[in-house]
Amino acid sequence: MELDNNSLDYFSSNFTDIPSNTTVAHWTEATLLGLQISVSVVLAIVTLATMLSNAFVIATIFLTRKLHTPANFLIGSLAVTDMLVSILVMPISIVYTVSKTWSLGQIVCDIWLSSDITFCTASILHLCVIALDRYWAITDALEYSKRRTMRRAAVMVAVVWVISISISMPPLFWRQAKAHEELKECMVNTDQISYTLYSTFGAFYVPTVLLIILYGRIYVAARSRIFKTPSYSGKRFTTAQLIQTSAGSSLCSLNSASNQEAHLHSGAGGEGGGSPLFVNSVKVKLADNVLERKRLCAARERKATKTLGIILGAFIICWLPFFVVTLVWAICKECSFDPLLFDVFTWLGYLNSLINPVIYTVFNDEFKQAFQKLIKFRC
């Protein structure tokens, strides 16, 4: 998301008064060229890493049947969005960041700006729907498990793209009025303060508030359930009692335990093992099994909540500086910002598209195992 930069070339603006035939100017020119090459290489590495990491997440989900769930469908959609950022937005941004002049024409500029706003907004909104899905799964586990389908996930993704496109489209209309002018810069017009408020709040501030609220409620719900995990010392409970205490679990599937108990009652007489001692001993084993499953669930919920917190923190760190500068720049016409600083904030936002897949592969055991299997299979 590029904005108007008053200085077209901060790499060389401080050296325009130096005679070109001096040794100092010669050294300065070489230094600037080396700096531009170094910046280009670093940004190219970030772009390539973003592209490959998201491609691996997509391939891992697609090739691993175990990961074909509505929750992972949302994660895969986020990876597709972030990969589009790395393919259609970041490469052109490298050229524009280094050269600070636009030479690709009006059409490419319109496509690039629209892609930038659309894909970056969609990436941010995907984090919201993933958090919303997680929130419903924890707070309304039994009812939401019935509605948590691929179709519902697809509808959530569709809403994300509709909102993102609606935010990116308005600049195209007023840019047509300047189509006949010579294009030297490619940026969003910040003179339209109503659009700046609409786009920044729709793409960042409102989603951020929603994420903080959702994460706060997820954290409270997860902690309350973790601390309610029973630790029965010296006392045995039946399977039914343990199932009753675990009714709200979103990650535990306790139906198998109750089915096992029903099978035990129905088959005990035929097996000749229907004595109270035999039934009670098997019930104790089933109870221990359910208790262990609940403890594992608590550990998984704790880790999933931690992962979501890391994603939220990384998102705020990456995008907050850019959107603060964008909003202040539109409101305060007398304020000025170093173009170099603004480019740093822009690429810090792009970096979020690299961080998202890294977090999922590092902190999600299922993704990590599937990813390792995929690597071994390909090698």
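Heads up, the Cβ atoms here are built off N, Cα and C, so glycines get one too.
The following features are taken from TrEMBL:
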type     : residues : note
DOMAIN   : 53-360   : domain 'G-protein coupled receptors family 1 profile'
TRANSMEM : 37-63    : transmembrane segment
TRANSMEM : 75-99    : transmembrane segment
TRANSMEM : 111-132  : transmembrane segment
TRANSMEM : 153-173  : transmembrane segment
TRANSMEM : 193-215  : transmembrane segment
TRANSMEM : 310-332  : transmembrane segment
TRANSMEM : 344-363  : transmembrane segment
What stretch, picked from 37-63, 111-132, 193-215, 310-332, has the most CB pairs under 8 A with the transmembrane segment (75-99)? 37-63
In the same chain, which residue numbers or ranges, 6 or more beyond the ends of the transmembrane segment (37-63), come under 8 angstroms Cβ to Cβ? 72-73, 75-76, 79-80, 82-83, 85-87, 90-91, 93-94, 97-98, 347, 350-351, 353-354, 356-358, 360-361, 367, 370-371, 374
Same-chain residues near the transmembrane segment (153-173), Cβ under 8 Å, at least 6 residues beyond its ends: 70-71, 73-74, 77, 110, 113-114, 117-119, 121-122, 125-126, 128-129, 132-133, 188-189, 192, 195, 198-199, 202-203
For the domain 'G-protein coupled receptors family 1 profile' (53-360), mean pLDDT (0 to 100): 77
